[in-house]
Amino acid sequence: MPPKLLTYLILALLAASAAAARRHPSPASSAAAGEPVYLWPLPRNFTSGSRTLLVDPDLALDGQGPGGAAAAVAEAFERYRSLVFSPWAHAARNASGGYDVGKLTVVVASADEKLELGVDESYTIYVAAAGGVNSIVGGATIEANTIYGAIRGLETFSQLCVFNYDTKNVEVRHAPWYIEDEPRFSFRGLLLDTSRHFLPVDVIKQVIDSMSFSKLNVLHWHIIDEQSFPLEVPSYPKLWKGSYSKLERYTVEDARDIVRGKGYPKLWPSPKCREPLDVTSNFTFEVISGILSDMRKIFPFGLFHLGGDEVYTGCWNATPHVKQWLHERNMTTKDAYKYFVLKAQEIAINLNWIPVNWEETFNSFKENLNPLTVVHNWLGPGVCPKVVEKGFRCIMSNQGVWYLDHLDVPWQDFYTSEPLAGINNTAQQKLVLGGEVCMWGETADTSDVQQTIWPRAAAAAERMWSQLEAISAQDLETTVLARLHYFRCLLNHRGIAAAPVTNSYARRPPIGPGSCFIQ
(Lines of atoms letter the chains of each structure in order from A and count residues from 1; the text may use other names and numbers.)
(Lines give C-alpha, C1' and ligand atoms only; values in the text may rest on other atoms or scores of the structure.)
Protein backbone atom coordinates (compact mmCIF):
# COMPACT_ATOMS: atom_id res chain seq x y z
CA MET A 1 0.00 0.00 0.00
CA PRO A 2 1.09 3.62 -0.42
CA PRO A 3 3.43 5.34 2.03
CA LYS A 4 2.51 7.23 5.17
CA LEU A 5 5.90 8.63 6.15
CA LEU A 6 8.79 10.19 4.29
CA THR A 7 10.07 8.68 1.09
CA TYR A 8 13.13 9.47 -0.97
CA LEU A 9 13.08 10.23 -4.66
CA ILE A 10 16.27 9.85 -6.64
CA LEU A 11 17.12 10.01 -10.29
CA ALA A 12 18.76 6.87 -11.53
CA LEU A 13 20.01 7.67 -15.00
CA LEU A 14 22.19 4.76 -14.90
CA ALA A 15 23.04 6.24 -18.14
CA ALA A 16 21.63 7.46 -42.91
CA SER A 17 19.55 6.37 -45.32
CA ALA A 18 19.44 6.73 -49.11
CA ALA A 19 17.33 5.46 -51.97
CA ALA A 20 17.90 1.81 -51.09
CA ALA A 21 16.78 2.25 -47.47
CA ARG A 22 13.32 1.45 -46.20
CA ARG A 23 11.71 4.65 -44.90
CA HIS A 24 9.64 4.67 -41.72
CA PRO A 25 8.13 8.14 -41.24
CA SER A 26 7.23 6.89 -37.77
CA PRO A 27 7.69 3.50 -36.07
CA ALA A 28 3.97 2.90 -36.44
CA SER A 29 4.18 2.56 -40.22
CA SER A 30 6.46 -0.44 -39.85
CA ALA A 31 4.10 -2.00 -37.35
CA ALA A 32 1.14 -1.36 -39.62
CA ALA A 33 2.96 -3.17 -42.42
CA GLY A 34 3.24 -6.25 -40.25
CA GLU A 35 6.96 -5.82 -39.62
CA PRO A 36 7.50 -5.33 -35.89
CA VAL A 37 10.57 -3.30 -34.98
CA TYR A 38 12.31 -5.13 -32.17
CA LEU A 39 13.52 -2.07 -30.32
CA TRP A 40 12.04 -1.27 -26.92
CA PRO A 41 10.93 1.43 -26.39
CA LEU A 42 10.18 2.52 -29.94
CA PRO A 43 12.43 5.33 -31.22
CA ARG A 44 10.91 8.62 -32.33
CA ASN A 45 11.96 8.34 -36.00
CA PHE A 46 14.18 5.98 -37.94
CA THR A 47 15.08 4.54 -41.33
CA SER A 48 16.43 1.08 -42.00
CA GLY A 49 17.64 -0.92 -44.98
CA SER A 50 18.14 -4.51 -46.09
CA ARG A 51 21.79 -5.29 -45.33
CA THR A 52 23.29 -7.39 -42.56
CA LEU A 53 26.47 -6.03 -40.99
CA LEU A 54 29.03 -7.95 -38.93
CA VAL A 55 30.18 -6.35 -35.68
CA ASP A 56 33.75 -6.88 -34.55
CA PRO A 57 33.96 -8.59 -31.13
CA ASP A 58 36.87 -6.21 -30.47
CA LEU A 59 34.56 -3.26 -31.09
CA ALA A 60 36.41 -0.10 -30.03
CA LEU A 61 35.08 3.11 -28.55
CA ASP A 62 36.04 6.45 -30.10
CA GLY A 63 34.81 9.21 -27.80
CA GLN A 64 34.64 12.63 -29.41
CA GLY A 65 33.42 16.08 -28.49
CA PRO A 66 33.66 17.79 -25.09
CA GLY A 67 31.83 14.94 -23.33
CA GLY A 68 32.90 11.99 -25.43
CA ALA A 69 35.85 11.15 -23.20
CA ALA A 70 33.75 11.12 -20.00
CA ALA A 71 34.32 8.14 -17.72
CA ALA A 72 30.56 7.51 -17.63
CA VAL A 73 30.51 7.00 -21.40
CA ALA A 74 33.47 4.59 -21.31
CA GLU A 75 31.96 2.63 -18.42
CA ALA A 76 28.59 2.38 -20.17
CA PHE A 77 30.29 1.23 -23.38
CA GLU A 78 32.11 -1.56 -21.54
CA ARG A 79 28.91 -2.58 -19.77
CA TYR A 80 26.99 -2.86 -23.03
CA ARG A 81 29.84 -4.58 -24.84
CA SER A 82 29.78 -7.28 -22.17
CA LEU A 83 26.03 -7.68 -22.75
CA VAL A 84 26.35 -7.91 -26.53
CA PHE A 85 29.39 -10.20 -26.80
CA SER A 86 29.98 -13.55 -25.13
CA PRO A 87 33.13 -13.92 -23.00
CA TRP A 88 34.65 -16.18 -25.67
CA ALA A 89 33.91 -13.80 -28.58
CA HIS A 90 37.45 -12.41 -28.80
CA ALA A 91 38.97 -15.90 -28.98
CA ALA A 92 36.61 -16.80 -31.83
CA ARG A 93 37.31 -13.60 -33.75
CA ASN A 94 38.10 -13.99 -37.45
CA ALA A 95 41.78 -13.11 -37.68
CA SER A 96 41.38 -11.98 -41.28
CA GLY A 97 38.85 -9.35 -40.27
CA GLY A 98 35.99 -8.70 -42.63
CA TYR A 99 33.90 -6.89 -40.04
CA ASP A 100 31.67 -4.01 -41.13
CA VAL A 101 31.48 -2.31 -37.74
CA GLY A 102 34.80 -2.18 -35.90
CA LYS A 103 34.43 1.11 -34.10
CA LEU A 104 31.64 2.90 -32.27
CA THR A 105 32.08 6.66 -32.38
CA VAL A 106 30.29 8.50 -29.58
CA VAL A 107 30.11 12.27 -30.00
CA VAL A 108 28.87 14.19 -26.94
CA ALA A 109 28.42 17.93 -27.34
CA SER A 110 28.60 18.88 -23.65
CA ALA A 111 30.98 17.93 -20.86
CA ASP A 112 28.40 18.92 -18.24
CA GLU A 113 27.55 15.79 -16.24
CA LYS A 114 24.94 17.41 -13.99
CA LEU A 115 22.04 15.04 -13.46
CA GLU A 116 18.65 16.65 -12.94
CA LEU A 117 15.04 16.28 -13.94
CA GLY A 118 14.63 17.29 -17.57
CA VAL A 119 18.23 16.56 -18.57
CA ASP A 120 18.58 16.14 -22.34
CA GLU A 121 18.34 12.40 -23.17
CA SER A 122 18.07 12.78 -26.95
CA TYR A 123 20.45 10.98 -29.29
CA THR A 124 21.02 10.07 -32.93
CA ILE A 125 22.43 6.79 -34.26
CA TYR A 126 23.96 5.99 -37.65
CA VAL A 127 24.97 2.42 -38.52
CA ALA A 128 26.26 1.57 -42.00
CA ALA A 129 28.95 -0.48 -43.72
CA ALA A 130 32.20 1.38 -44.13
CA GLY A 131 32.50 2.50 -47.74
CA GLY A 132 29.04 1.30 -48.67
CA VAL A 133 27.38 3.16 -51.52
CA ASN A 134 24.34 3.93 -49.41
CA SER A 135 26.16 4.83 -46.21
CA ILE A 136 26.32 8.27 -44.72
CA VAL A 137 29.00 7.15 -42.28
CA GLY A 138 31.00 3.93 -42.04
CA GLY A 139 30.65 1.87 -38.87
CA ALA A 140 28.46 3.13 -36.05
CA THR A 141 28.07 6.60 -34.59
CA ILE A 142 26.04 7.93 -31.67
CA GLU A 143 25.60 11.68 -31.34
CA ALA A 144 24.12 13.26 -28.22
CA ASN A 145 24.05 16.58 -26.43
CA THR A 146 24.78 15.00 -23.02
CA ILE A 147 26.37 11.85 -21.65
CA TYR A 148 22.88 10.72 -20.63
CA GLY A 149 21.66 10.90 -24.21
CA ALA A 150 24.75 8.93 -25.23
CA ILE A 151 23.92 6.23 -22.66
CA ARG A 152 20.37 6.00 -24.01
CA GLY A 153 21.86 5.63 -27.48
CA LEU A 154 24.14 2.83 -26.30
CA GLU A 155 21.09 0.91 -25.07
CA THR A 156 19.42 1.23 -28.47
CA PHE A 157 22.62 0.25 -30.28
CA SER A 158 22.93 -2.84 -28.07
CA GLN A 159 19.41 -3.87 -29.08
CA LEU A 160 20.36 -3.55 -32.76
CA CYS A 161 23.11 -6.12 -32.17
CA VAL A 162 21.87 -9.70 -32.54
CA PHE A 163 23.89 -12.91 -32.14
CA ASN A 164 23.74 -15.33 -35.08
CA TYR A 165 24.00 -18.88 -33.69
CA ASP A 166 24.86 -20.33 -37.09
CA THR A 167 27.86 -18.09 -37.83
CA LYS A 168 28.60 -17.21 -34.18
CA ASN A 169 28.83 -13.55 -35.17
CA VAL A 170 27.09 -10.51 -33.77
CA GLU A 171 25.09 -8.82 -36.53
CA VAL A 172 23.20 -5.62 -37.14
CA ARG A 173 20.35 -6.55 -39.43
CA HIS A 174 18.30 -4.27 -41.71
CA ALA A 175 21.16 -1.80 -42.05
CA PRO A 176 21.83 1.00 -42.73
CA TRP A 177 20.09 2.45 -39.69
CA TYR A 178 19.40 6.07 -38.92
CA ILE A 179 17.63 6.74 -35.62
CA GLU A 180 16.54 10.02 -34.04
CA ASP A 181 15.16 9.59 -30.56
CA GLU A 182 14.14 11.47 -27.43
CA PRO A 183 11.71 10.81 -24.58
CA ARG A 184 8.15 12.04 -24.50
CA PHE A 185 8.19 12.60 -20.72
CA SER A 186 11.11 13.70 -18.56
CA PHE A 187 9.95 11.67 -15.53
CA ARG A 188 9.69 7.92 -16.13
CA GLY A 189 9.79 6.30 -12.76
CA LEU A 190 9.72 3.10 -10.76
CA LEU A 191 8.91 3.11 -7.05
CA LEU A 192 10.79 0.44 -5.10
CA ASP A 193 9.59 -0.27 -1.56
CA THR A 194 12.27 -1.52 0.84
CA SER A 195 10.34 -0.80 4.03
CA ARG A 196 7.92 -3.76 3.85
CA HIS A 197 10.68 -6.19 2.84
CA PHE A 198 14.37 -5.38 2.99
CA LEU A 199 16.15 -5.63 -0.37
CA PRO A 200 19.96 -6.03 -0.37
CA VAL A 201 21.98 -3.29 -2.03
CA ASP A 202 22.98 -5.56 -4.91
CA VAL A 203 19.32 -6.29 -5.64
CA ILE A 204 18.53 -2.57 -5.75
CA LYS A 205 21.43 -2.10 -8.16
CA GLN A 206 20.09 -4.92 -10.34
CA VAL A 207 16.72 -3.19 -10.46
CA ILE A 208 18.41 0.08 -11.49
CA ASP A 209 20.33 -1.71 -14.24
CA SER A 210 17.14 -3.35 -15.49
CA MET A 211 15.39 0.03 -15.52
CA SER A 212 17.98 1.39 -17.94
CA PHE A 213 17.18 -1.36 -20.45
CA SER A 214 13.69 0.12 -20.98
CA LYS A 215 14.90 3.71 -20.50
CA LEU A 216 13.15 4.30 -17.18
CA ASN A 217 15.09 7.11 -15.52
CA VAL A 218 13.77 7.70 -11.99
CA LEU A 219 14.12 5.38 -9.03
CA HIS A 220 11.70 6.43 -6.30
CA TRP A 221 13.25 4.66 -3.34
CA HIS A 222 10.58 4.19 -0.68
CA ILE A 223 13.01 3.48 2.14
CA ILE A 224 10.93 3.84 5.29
CA ASP A 225 7.38 3.36 6.47
CA GLU A 226 5.60 2.33 9.65
CA GLN A 227 6.80 -1.28 9.28
CA SER A 228 10.54 -0.54 9.34
CA PHE A 229 13.14 2.24 9.37
CA PRO A 230 16.25 0.61 7.86
CA LEU A 231 18.21 3.77 6.91
CA GLU A 232 21.09 5.28 8.88
CA VAL A 233 20.46 8.93 9.74
CA PRO A 234 23.64 10.37 11.29
CA SER A 235 21.81 13.21 13.04
CA TYR A 236 19.51 10.72 14.80
CA PRO A 237 21.45 7.45 15.09
CA LYS A 238 18.72 5.60 17.01
CA LEU A 239 16.20 5.80 14.18
CA TRP A 240 17.44 2.73 12.38
CA LYS A 241 16.75 0.68 15.46
CA GLY A 242 13.36 0.52 13.78
CA SER A 243 14.76 -1.87 11.16
CA TYR A 244 13.58 -5.48 11.10
CA SER A 245 17.03 -6.60 12.25
CA LYS A 246 20.61 -5.33 12.34
CA LEU A 247 21.29 -7.27 9.16
CA GLU A 248 18.50 -5.48 7.29
CA ARG A 249 19.80 -1.93 7.26
CA TYR A 250 21.26 0.62 4.84
CA THR A 251 24.31 2.61 5.91
CA VAL A 252 24.96 6.11 4.62
CA GLU A 253 27.68 4.54 2.51
CA ASP A 254 25.17 2.06 1.05
CA ALA A 255 22.85 4.91 0.08
CA ARG A 256 25.69 6.87 -1.50
CA ASP A 257 26.74 3.73 -3.32
CA ILE A 258 23.26 3.22 -4.72
CA VAL A 259 23.11 6.83 -5.85
CA ARG A 260 26.32 7.39 -7.20
CA GLY A 261 11.31 5.37 14.31
CA LYS A 262 11.70 3.26 17.20
CA GLY A 263 14.61 5.07 18.72
CA TYR A 264 12.78 8.36 19.33
CA PRO A 265 9.44 7.75 21.06
CA LYS A 266 8.78 11.50 21.33
CA LEU A 267 7.96 11.41 17.62
CA TRP A 268 4.78 9.46 18.29
CA PRO A 269 1.65 10.93 19.96
CA SER A 270 1.51 7.98 22.39
CA PRO A 271 2.88 4.41 22.68
CA LYS A 272 -0.36 3.04 21.21
CA CYS A 273 -0.71 5.76 18.58
CA ARG A 274 2.35 5.79 16.39
CA GLU A 275 0.93 7.19 13.20
CA PRO A 276 0.81 9.96 12.16
CA LEU A 277 3.70 11.73 13.86
CA ASP A 278 3.08 14.03 16.81
CA VAL A 279 2.04 17.32 15.24
CA THR A 280 2.31 19.16 18.58
CA SER A 281 5.98 18.47 19.18
CA ASN A 282 8.78 20.72 17.94
CA PHE A 283 10.99 17.66 18.24
CA THR A 284 9.01 16.00 15.42
CA PHE A 285 9.96 18.77 13.03
CA GLU A 286 13.53 18.90 14.33
CA VAL A 287 13.86 15.22 13.38
CA ILE A 288 12.28 15.80 9.97
CA SER A 289 14.71 18.67 9.40
CA GLY A 290 17.62 16.49 10.51
CA ILE A 291 16.58 13.63 8.25
CA LEU A 292 16.15 15.89 5.24
CA SER A 293 19.45 17.66 5.93
CA ASP A 294 21.28 14.35 6.08
CA MET A 295 19.52 13.09 2.98
CA ARG A 296 20.49 16.25 1.09
CA LYS A 297 24.13 15.24 1.55
CA ILE A 298 23.46 11.80 0.06
CA PHE A 299 20.88 12.44 -2.67
CA PRO A 300 21.90 15.39 -4.88
CA PHE A 301 18.76 15.41 -6.99
CA GLY A 302 15.92 17.90 -7.00
CA LEU A 303 12.81 15.99 -5.89
CA PHE A 304 11.97 14.75 -2.41
CA HIS A 305 8.79 12.79 -1.73
CA LEU A 306 7.14 13.89 1.52
CA GLY A 307 4.26 11.39 1.39
CA GLY A 308 1.03 12.68 2.94
CA ASP A 309 -1.34 9.88 1.98
CA GLU A 310 -3.65 7.71 4.09
CA VAL A 311 -3.07 9.76 7.23
CA TYR A 312 -5.22 8.49 10.10
CA THR A 313 -5.96 11.76 11.88
CA GLY A 314 -8.34 10.06 14.34
CA CYS A 315 -5.24 9.06 16.26
CA TRP A 316 -4.69 12.68 17.18
CA ASN A 317 -8.19 13.05 18.63
CA ALA A 318 -7.61 9.91 20.68
CA THR A 319 -4.45 11.34 22.27
CA PRO A 320 -5.21 13.74 25.15
CA HIS A 321 -2.29 16.16 24.79
CA VAL A 322 -2.79 16.43 21.03
CA LYS A 323 -6.53 16.91 21.44
CA GLN A 324 -5.83 19.69 23.97
CA TRP A 325 -3.33 21.32 21.60
CA LEU A 326 -5.91 21.32 18.81
CA HIS A 327 -8.57 22.76 21.10
CA GLU A 328 -6.31 25.61 22.23
CA ARG A 329 -5.71 26.59 18.62
CA ASN A 330 -9.28 26.04 17.47
CA MET A 331 -7.99 23.48 14.95
CA THR A 332 -9.58 20.35 13.57
CA THR A 333 -7.56 17.25 12.74
CA LYS A 334 -7.87 18.29 9.09
CA ASP A 335 -6.28 21.61 10.00
CA ALA A 336 -3.48 19.76 11.80
CA TYR A 337 -2.91 17.56 8.75
CA LYS A 338 -2.52 20.69 6.63
CA TYR A 339 -0.24 22.29 9.22
CA PHE A 340 2.01 19.22 9.27
CA VAL A 341 2.29 18.90 5.47
CA LEU A 342 2.96 22.61 4.92
CA LYS A 343 5.59 22.73 7.65
CA ALA A 344 7.35 19.69 6.17
CA GLN A 345 7.20 21.34 2.74
CA GLU A 346 8.78 24.48 4.17
CA ILE A 347 11.66 22.47 5.64
CA ALA A 348 12.23 20.68 2.32
CA ILE A 349 12.13 23.86 0.24
CA ASN A 350 14.61 25.57 2.58
CA LEU A 351 16.98 22.69 1.76
CA ASN A 352 16.46 23.29 -1.98
CA TRP A 353 14.25 20.26 -2.46
CA ILE A 354 11.18 20.31 -4.69
CA PRO A 355 8.41 18.74 -2.57
CA VAL A 356 6.38 15.86 -3.96
CA ASN A 357 3.17 14.91 -2.13
CA TRP A 358 0.51 12.29 -2.69
CA GLU A 359 -2.77 13.54 -4.10
CA GLU A 360 -4.64 13.61 -0.76
CA THR A 361 -2.83 16.86 0.04
CA PHE A 362 -4.16 18.43 -3.17
CA ASN A 363 -7.64 17.05 -2.57
CA SER A 364 -7.71 18.45 0.97
CA PHE A 365 -6.08 21.89 0.72
CA LYS A 366 -4.91 22.63 -2.80
CA GLU A 367 -5.20 26.37 -2.23
CA ASN A 368 -2.54 26.20 0.51
CA LEU A 369 0.07 24.00 -1.16
CA ASN A 370 3.36 25.61 -2.10
CA PRO A 371 3.37 26.44 -5.84
CA LEU A 372 6.50 24.28 -6.25
CA THR A 373 4.55 21.18 -5.20
CA VAL A 374 4.49 18.18 -7.51
CA VAL A 375 1.28 16.24 -6.93
CA HIS A 376 1.57 12.47 -7.17
CA ASN A 377 -1.62 10.74 -8.32
CA TRP A 378 -2.41 7.21 -7.13
CA LEU A 379 -6.06 6.88 -6.12
CA GLY A 380 -7.52 6.68 -9.61
CA PRO A 381 -7.96 8.41 -12.98
CA GLY A 382 -8.88 12.03 -13.60
CA VAL A 383 -6.60 13.60 -10.99
CA CYS A 384 -3.83 15.09 -13.14
CA PRO A 385 -6.32 17.15 -15.21
CA LYS A 386 -7.51 18.83 -11.99
CA VAL A 387 -3.96 19.30 -10.74
CA VAL A 388 -2.57 20.96 -13.86
CA GLU A 389 -5.67 23.12 -14.18
CA LYS A 390 -4.63 24.70 -10.88
CA GLY A 391 -1.09 25.23 -12.14
CA PHE A 392 0.64 22.40 -10.25
CA ARG A 393 2.83 19.73 -11.79
CA CYS A 394 1.66 16.12 -11.72
CA ILE A 395 3.01 12.56 -11.79
CA MET A 396 0.62 9.74 -12.69
CA SER A 397 0.60 6.41 -10.81
CA ASN A 398 -3.06 5.38 -11.03
CA GLN A 399 -3.22 2.30 -8.79
CA GLY A 400 -5.76 0.60 -11.03
CA VAL A 401 -3.29 0.33 -13.89
CA TRP A 402 0.27 1.11 -12.73
CA TYR A 403 0.63 -0.68 -9.37
CA LEU A 404 2.88 -3.67 -9.94
CA ASP A 405 1.79 -5.38 -6.72
CA HIS A 406 -1.71 -5.64 -8.24
CA LEU A 407 -0.89 -8.96 -9.85
CA ASP A 408 -4.13 -9.25 -11.80
CA VAL A 409 -3.51 -6.10 -13.88
CA PRO A 410 -2.43 -7.31 -17.35
CA TRP A 411 0.35 -5.80 -19.45
CA GLN A 412 -2.20 -4.28 -21.83
CA ASP A 413 -3.51 -1.98 -19.08
CA PHE A 414 0.01 -0.85 -18.26
CA TYR A 415 0.62 -0.14 -21.94
CA THR A 416 -2.55 1.76 -22.79
CA SER A 417 -2.77 4.00 -19.71
CA GLU A 418 -2.15 7.56 -20.84
CA PRO A 419 -0.72 10.23 -18.48
CA LEU A 420 -2.25 13.03 -20.56
CA ALA A 421 -5.77 11.57 -20.64
CA GLY A 422 -8.33 14.35 -20.24
CA ILE A 423 -5.78 17.15 -20.73
CA ASN A 424 -6.15 18.93 -24.06
CA ASN A 425 -4.54 22.27 -23.25
CA THR A 426 -0.93 22.25 -24.51
CA ALA A 427 0.38 24.41 -21.67
CA GLN A 428 -1.28 22.17 -19.08
CA GLN A 429 0.09 19.02 -20.77
CA LYS A 430 3.60 20.33 -20.12
CA LEU A 431 2.85 20.31 -16.38
CA VAL A 432 2.54 16.50 -16.44
CA LEU A 433 6.10 15.41 -15.71
CA GLY A 434 5.32 11.81 -16.59
CA GLY A 435 4.45 8.73 -14.59
CA GLU A 436 5.66 6.08 -12.21
CA VAL A 437 4.93 2.38 -11.81
CA CYS A 438 4.91 1.33 -8.17
CA MET A 439 6.45 -1.82 -6.72
CA TRP A 440 4.98 -1.90 -3.21
CA GLY A 441 6.69 -4.52 -1.13
CA GLU A 442 4.09 -6.21 1.07
CA THR A 443 4.20 -9.37 -1.06
CA ALA A 444 7.55 -9.00 -2.83
CA ASP A 445 11.10 -9.54 -1.63
CA THR A 446 14.40 -10.62 -3.14
CA SER A 447 12.86 -13.93 -4.23
CA ASP A 448 10.30 -12.44 -6.60
CA VAL A 449 10.71 -8.68 -6.98
CA GLN A 450 12.18 -8.71 -10.49
CA GLN A 451 9.53 -10.98 -12.00
CA THR A 452 6.86 -8.81 -10.36
CA ILE A 453 8.34 -5.68 -11.96
CA TRP A 454 9.07 -7.13 -15.40
CA PRO A 455 7.85 -7.20 -18.08
CA ARG A 456 4.79 -5.12 -17.14
CA ALA A 457 6.92 -2.11 -16.13
CA ALA A 458 8.38 -2.14 -19.64
CA ALA A 459 4.89 -1.69 -21.09
CA ALA A 460 4.49 1.54 -19.12
CA ALA A 461 8.06 2.55 -19.99
CA GLU A 462 7.27 2.59 -23.71
CA ARG A 463 4.12 4.61 -23.03
CA MET A 464 6.26 7.25 -21.30
CA TRP A 465 9.17 7.29 -23.76
CA SER A 466 7.72 6.80 -27.24
CA GLN A 467 5.62 9.18 -29.29
CA LEU A 468 1.89 8.86 -28.70
CA GLU A 469 1.01 8.62 -32.39
CA ALA A 470 3.43 5.74 -32.92
CA ILE A 471 2.35 3.55 -30.02
CA SER A 472 -1.34 4.29 -30.52
CA ALA A 473 -1.20 3.05 -34.12
CA GLN A 474 0.14 -0.40 -33.23
CA ASP A 475 -2.04 -3.45 -32.85
CA LEU A 476 -1.74 -4.61 -29.25
CA GLU A 477 -2.25 -8.32 -29.76
CA THR A 478 0.07 -8.70 -32.75
CA THR A 479 2.75 -6.04 -33.14
CA VAL A 480 3.12 -4.86 -29.54
CA LEU A 481 2.79 -8.31 -28.02
CA ALA A 482 5.44 -9.75 -30.35
CA ARG A 483 7.82 -6.91 -29.49
CA LEU A 484 7.18 -7.26 -25.75
CA HIS A 485 7.78 -11.03 -25.93
CA TYR A 486 11.09 -10.25 -27.61
CA PHE A 487 12.05 -7.63 -25.00
CA ARG A 488 11.14 -9.97 -22.15
CA CYS A 489 13.47 -12.58 -23.67
CA LEU A 490 16.19 -9.93 -23.96
CA LEU A 491 15.79 -9.20 -20.24
CA ASN A 492 16.08 -12.93 -19.50
CA HIS A 493 19.26 -13.14 -21.59
CA ARG A 494 20.65 -10.24 -19.56
CA GLY A 495 19.98 -12.06 -16.31
CA ILE A 496 16.75 -10.29 -15.37
CA ALA A 497 14.04 -12.64 -14.07
CA ALA A 498 11.20 -11.20 -16.15
CA ALA A 499 8.03 -13.30 -15.98
CA PRO A 500 6.07 -14.52 -19.03
CA VAL A 501 4.23 -11.66 -20.73
CA THR A 502 0.73 -13.11 -21.01
CA ASN A 503 0.35 -14.44 -17.48
CA SER A 504 -3.18 -13.97 -16.21
CA TYR A 505 -1.53 -13.47 -12.83
CA ALA A 506 1.77 -11.58 -12.84
CA ARG A 507 5.06 -13.27 -11.82
CA ARG A 508 3.53 -16.74 -12.18
CA PRO A 509 6.02 -19.21 -13.70
CA PRO A 510 5.39 -20.82 -17.11
CA ILE A 511 2.60 -23.38 -17.09
CA GLY A 512 4.52 -25.76 -19.35
CA PRO A 513 7.33 -26.16 -21.89
CA GLY A 514 7.66 -23.54 -24.58
CA SER A 515 9.70 -20.82 -26.22
CA CYS A 516 10.50 -17.62 -24.36
CA PHE A 517 9.08 -15.74 -27.34
CA ILE A 518 5.52 -17.04 -27.03
CA GLN A 519 4.93 -17.59 -23.30
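Note: Cβ is positioned from N, Cα and C throughout, glycine not excepted.
Keep in mind that TrEMBL annotations are predicted by a computer and have not been checked by a curator.
Lifted from TrEMBL, the feature list:
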- Glu310: active site, proton donor (ACT_SITE)
- 39-160: domain 'Beta-hexosaminidase eukaryotic type N-terminal' (DOMAIN)
- 185-259: domain 'Glycoside hydrolase family 20 catalytic' (DOMAIN)
- 275-467: domain 'Glycoside hydrolase family 20 catalytic' (DOMAIN)
- 1-20: signal peptide (SIGNAL)
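Secondary structure of the domain 'Glycoside hydrolase family 20 catalytic' (185-259) per DSSP (helix as H, G, I; strand as E, B; remaining residues coil): 25 helix, 14 strand, 36 coil. Summed and averaged per residue, pLDDT over the domain 'Beta-hexosaminidase eukaryotic type N-terminal' (39-160) gives 91. For the domain 'Beta-hexosaminidase eukaryotic type N-terminal' (39-160), the DSSP counts in helix, strand and coil order read 28 helix, 38 strand, 56 coil.
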